[in-house]
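Annotated compositional bias 'Low complexity' per Swiss-Prot: 157-170, in sequence order. Positions annotated as domain 'LOB' by Swiss-Prot, on the basis of sequence analysis: 1-107. The region 'Disordered' annotation in Swiss-Prot covers 157-184.
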Amino acid sequence: MSCNGCRVLRKGCSENCILRPCIQWIESPEAQGHATVFVAKFFGRAGLMSFISAVPESQCPALFQSLLYEACGRTVNPVNGAVGLLWTGNWNVCQAAVETVLRGGSLKPIPELLNGGGFAGFPSPTSDEASEICTEMLNLRKADDSGDRNIYHHCRFSSSRSRSRSTASPPKRKRLSSEQQPSSELDLSLIPIYPIKTLPFKEDTPSMYSEESVTTVSFQNNNAGDRYVRCGGGGGGATTKLLNLFA
């Protein structure tokens, strides 16, 4: 047999229905249907099923009850919801809204709770200690609202100005007196910035004008066809055999 929740939502129901244990704490079948329709309209059918499937089965009744109270509190007090009604000492308003939904009635926002930006539901200072603390917090907020807002805007605009100054291009530096006066000498930038690496000169290497230069004399041996070179200046010097690589 289909449960009352699946029946009003017109969805298939089975033995493993996750919606059935959520509404068992509600006594009458009509009240179960009214609560299911109200919560499904507020959070959406897909959202309701997503919330229920995300918790264990043992926590489903508490979850559905929390969703029902939040939906009723947010309807009568759109600014603060059920938590705001509990904080301001108007929890009886939320309970009355839940009973109205279970009977099949309709809810609408209460104007007394909307005045003052949603903080008009605070009790008088003569009620109890918790209400006195809430009232003092409200008075402090109202007293410091304009000042805090001015400080906030001042900080925000100051930070934006400083950010714009930091991102802007830096001002041109003033030229030095030496830069302003024209120089009489030409600056052709011929002097290198980095030092030139010099290699040491090998003194043992003979130059072409020294006496130790090699005089190459090519003559062919009649017998072997080899080439020889004569080393040393003048007419003397040793004769060295060269390999005939191009023969």
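Our numbering is plain: 1 for the first residue shown, then up by one each step along the chain.
Placement of Cβ uses the backbone N, Cα and C atoms for every residue, glycine included.
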Mind looking up the mean pLDDT for the domain 'LOB' (1-107) in the predicted model?
89
With DSSP as the yardstick, break the domain 'LOB' (1-107) down into helix, strand and coil residue counts.
69 helix, 0 strand, 38 coil
